[in-house]
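Structure, as structure tokens:
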């Protein structure tokens with residue numbers, strides 16, 4: 001190991017500083033901040049979700065009806081007072097407030113996780129879930145229920161109606177589970193060794 005002492009300290013002489021010469025200074029390496037990507041994704045999901053719901057309520061579903069888009073997809077209008085798949089529907093007037101409080105608490109926890117996200121992909125996925133949760137929470141507080149309008153069916157199965165927020169939550173959550181179990185490390189994107 002080299003002696004850290006300089007020439008006046010009895011140690012070896014230090015080499016002279018290198019002159020970089022004329023020209024621009026080297027650019028610093030950008031710091032990746034996954035939480036910024038996550039916040040951007042959350043904001044985008046929230047805006048797209050709310051705009052799609054306003055469009056459905058004011059332009060498409062006046063009056064409410066079933067609009068066939070394809071043999072497997074319809075636009076419909078469903079007011080969901082519960083959570084996914086109609087769980088907790090018809091639980092009373094306080095249901096929207098209780099579910100909004102739960103959504104807010106979960107969102108706060110996800111924001112803490114987002115702040116500590118290991119990589120940009122994880123930040124993006126957390127942003128999808130956060131934006132979706134906020135989109136549905138806005139609906140519950142404004143209307144007392146979530147506006148669902150995408151209706152998919154096929155091969156004898158009919159999926160419950162959903163919206164942009166639900167799609168973002170489901171996509172983000174499933175991919176987060178996969179990313180957490182099998183994903184990349186925070187440093188270089190290489191698979192994690194287990």
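Placement of Cβ uses the backbone N, Cα and C atoms for every residue, glycine included.
Values in this document were obtained by computation on a predicted structure and should not be read as measured data.
Record features (TrEMBL):
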{"type": "ACT_SITE", "residues": "148", "note": "active site"}
{"type": "ACT_SITE", "residues": "166", "note": "active site"}
{"type": "COMPBIAS", "residues": "13-27", "note": "compositional bias 'Pro residues'"}
{"type": "REGION", "residues": "1-27", "note": "region 'Disordered'"}
{"type": "TRANSMEM", "residues": "37-57", "note": "transmembrane segment"}
{"type": "TRANSMEM", "residues": "69-88", "note": "transmembrane segment"}
{"type": "TRANSMEM", "residues": "94-114", "note": "transmembrane segment"}
{"type": "TRANSMEM", "residues": "121-138", "note": "transmembrane segment"}
{"type": "TRANSMEM", "residues": "158-177", "note": "transmembrane segment"}
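Other Cβ atoms within 10 Å of the Cβ of residue 166 (active site), summed over all protein chains shown, number 20. Distance from the CA of residue 148 (active site) to the CA of residue 166 (active site) is 9 Å. In sequence order, 76, 77, 78, 79, 80, 160, 161, 162, 163, 166 are the residues of the chain that are 6 or more apart from residue 148 (active site) and have a CB within less than 8 Å of its CB.
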